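If you check Swiss-Prot, you get these features:
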type     : residues           : note
BINDING  : Y25, G27, G29, D46 : Ca(2+) binding site
ACT_SITE : H45                : active site
ACT_SITE : D86                : active site
Amino acid sequence: DLTQFGNMINKMGQSVFDYIYYGCYCGWGGKGKPIDATDRCCFVHDCCYGKMGTYDTKWTSYNYEIQNGGIDCDEDPQKKELCECDRVAAICFANNRNTYNSNYFGHSSSKCTGTEQC
């Protein structure tokens, strides 16, 4: 669920609050082309959730563990898929922290142009 995703981000050394309104894809919804590697993490995360169809991605909880700086997801197949979407995004944020640009926090969606396919 979203709380667990936020906790994953925090445990990987980032603040979840940095990503709530960042770029064109971090936060609710998204449009246009991702503006940098950090925003692309959110784009890929949105695409991953989108592939799950009608599954309740935002409120379904799952089990995971942080071990040796990595994230291990639950074995339940559908919950594991959801956890993997969140795991990949949390690691992506950590790996791309150097691309984070505070000018893109609160970025207006009207500036998000073009198209990008999942």
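Any Cβ shown, glycine's included, is placed from N, Cα and C.
Model, not experiment: these values are computed from the prediction.
On the structure: features taken from Swiss-Prot.
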residue	record	DSSP (3 states)
Y25	Ca(2+) binding site	coil
H45	active site	helix
D86	active site	helix
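Each of the binding-site residues G27, G29 was scored by other CB atoms within 10 A of its CB, and the lowest score goes to G29.
Each of the recorded positions D46, D86 was scored by other CB atoms within 10 A of its CB, and the lowest score goes to D46. The 10 Å shell around the Cβ of H45 (active site) contains 23 further Cβ atoms across the protein chains shown.
For Y25 (Ca(2+) binding site), the same-chain residues 6+ apart in sequence whose C-beta sits under 8 angstroms from its C-beta are P34, D39, R40, C42, F43, H45, D46. Cα separation, G29 (Ca(2+) binding site) to D86 (active site), rounded: 16 Å.
For the Ca(2+) site, the Cβ centre of Y25, G27, G29, D46 serves as reference, and the other residues of the chain with Cβ at most 8 Å from it are C24, C26, W28, G30, C42, F43. Cα separation, D86 (active site) to G27 (Ca(2+) binding site), rounded: 13 Å.
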